[in-house]
Each structure stands twice: as structure tokens, then as C-alpha cells.
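Per TrEMBL, the features are:
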type     : residues : note
DOMAIN   : 70-120   : domain 'NADH-Ubiquinone oxidoreductase (complex I) chain 5 N-terminal'
DOMAIN   : 136-266  : domain 'NADH:quinone oxidoreductase/Mrp antiporter transmembrane'
TRANSMEM : 7-28     : transmembrane segment
TRANSMEM : 34-54    : transmembrane segment
TRANSMEM : 61-82    : transmembrane segment
TRANSMEM : 88-107   : transmembrane segment
TRANSMEM : 119-135  : transmembrane segment
TRANSMEM : 141-161  : transmembrane segment
TRANSMEM : 182-200  : transmembrane segment
TRANSMEM : 212-230  : transmembrane segment
Amino acid sequence: MEIVNLIPALVALPLIGFLVSGIFGKWLKGFTGIFSTGVVFLSFVLALVSFVLFHPMERTIPEIVTVFPWISTGGIQVSFAYQVDQLSLYMVLIITGIGALIHLYSIGYMKDDPGFARYFAYLNLFIFAMLNLVLAENLILLFLGWEGVGLCSYLLIGFDYHKETAANAGMKAFIVNRIGDLGMLFGIALVFWYTGSVSFTEITESIREIHSFRYILPLAAVCFFIGAIGKSAQLPLHVWLPDAMAGPTPVSALIHAATMVTAGIF
């Protein structure tokens, strides 16, 4: 059993849960919650095995797991790849571990809700987006995960969309986070402009070689910081967080403890 096989599998499992719950949830009914919870628990088990195999206390060099070639244009090569290191593995354990417990609790909490299957589909998609965010080997994949988490927060906070308070809270979270995401996008553009790459490994090497980069680094850092402020609900982009309680209670636990708010810190 190799980590190169485990990482794509543990990321794909929540995606499978999302597709099954979203497409067949209407017919699976109560089994939807069990299946969605099961795939996240299995993802957590694979994360534990990956953590043991990686030997995080001994390894200093990240392991790159390439899933498939992704973008190839104008001399730019971007792979759909994951970077496995100590920090990303710790985050994966937090996301899948806490996420699995929240899924389990939600089975009973949401059992009488007419949107039961839709709820678990959103939860699984949330976990999938967050895993891509923390494991991304390049800025493009990180940004997709970043935006995916933002989209799912909008869907979950506004889950009871027939209620005006929930619909407004979801929209508020979406708009405020887009302000922060704009900063993140500018930061990515600056880094790509000056290094010609979005790969974290290549960016690190370029920074060491390009001395003129010292003027761009602070500006790019500020842009990334603005993105983090939005995701982690810090001043002045904190205004969406109190209204996030409009969603089902387990959603608040997922957003605050396991995914979206910790994404900014990560």
C-alpha cells in the first residue's frame, strides 16, 4: 500500500458520496446519510494510514502525487497533483476526522428534514473541496478548492432557502468571501507573473533565484492575507460569520471547526 494511491482515493471518496447522494438520494432516502458518512469515515481511515506511511516526524521533503496532466498551453504545464507534507496531512486528519463525526451526528439531526439527501450531498462536496485546498500542489488547484469551499458554505448556510434569513445569510457569506477571494486571485496573478509558474515547488525555487522578486513578495503576501481574512472571518471581513448560524447547527460546526475558517489560517 503506497501513499501515491491512498491520497487520490481519500480525496475521491467524498466526491463519490456527493454524486451518489445528489443523483440517487431521492430513492436511497435514509441510506443516503449512512453512505455519505461511511465514505468520509473511510477517507479518515485512509488519511490515518497515509499519515503513518509518510513518517511525518522523519520526512522533510514533500511527496508529489500526480493524478493526471491537467493544463498544457503556451509552454505552461500544470498537473492535477497533490503535495503531501506534515502540514497538509495534519489538516487532512482534522477535515476528515471532524467531518466524519459531524456527518454521523447529522444523520439523527436531519432525519425529518425534506432536504436530507441534498444536505449530505453538500456536506460531501464541502469535504472534497477542502481536501483539494489543503493538498493542492499548485495555486490553480488550491484556488479551485478555495472557491469550492466558498460555494458550499453558501449552499449550506442558505440550506433552508425558503426562509428569508437563511437565504440572506448565505448570500452575505458568499459576497463577503468573494471580496477576500479577489485578493487571493490578485496574489496568484502576481506570483505567476513574476515566476512563470503556479507550482509551489517551482515558485520556491524561483524566489531564491529572482532578486527583483523582493518588491513583489510583500504585495503578493498582502493579497494572500486579504484572502485569508475573508475565509477566517477576521476584521473587517468578519461580518458574514454571525449570520452563518442560519444554517443547520452541524453546518456551523463544519464551517467553524473543520473547514472554511481554518482554511484561511492554513
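Along the chain as shown, residues are numbered 1 onward.
Backbone N, Cα and C define each Cβ position, glycine as well.
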Note to self: Per DSSP, what is the helix/strand/coil residue tally across the domain 'NADH:quinone oxidoreductase/Mrp antiporter transmembrane' (136-266)?
What the structure shows: 103 helix, 3 strand, 25 coil
Check: What stretch of 61-82, 88-107, 119-135, 141-161, 212-230 shows the most Cβ pairs under 8 Å to the transmembrane segment (7-28)?
Finding: 119-135
Item checked: Surrounding residues of the transmembrane segment (34-54) on its own chain - C-beta under 8 Å, 6+ positions past either end -> 1-3, 6-7, 9-11, 13-14, 16-17, 20-21, 28, 63, 84, 86, 89, 92-93, 96-97, 99-100, 103-104, 106-107, 120-121, 123-124, 127, 131
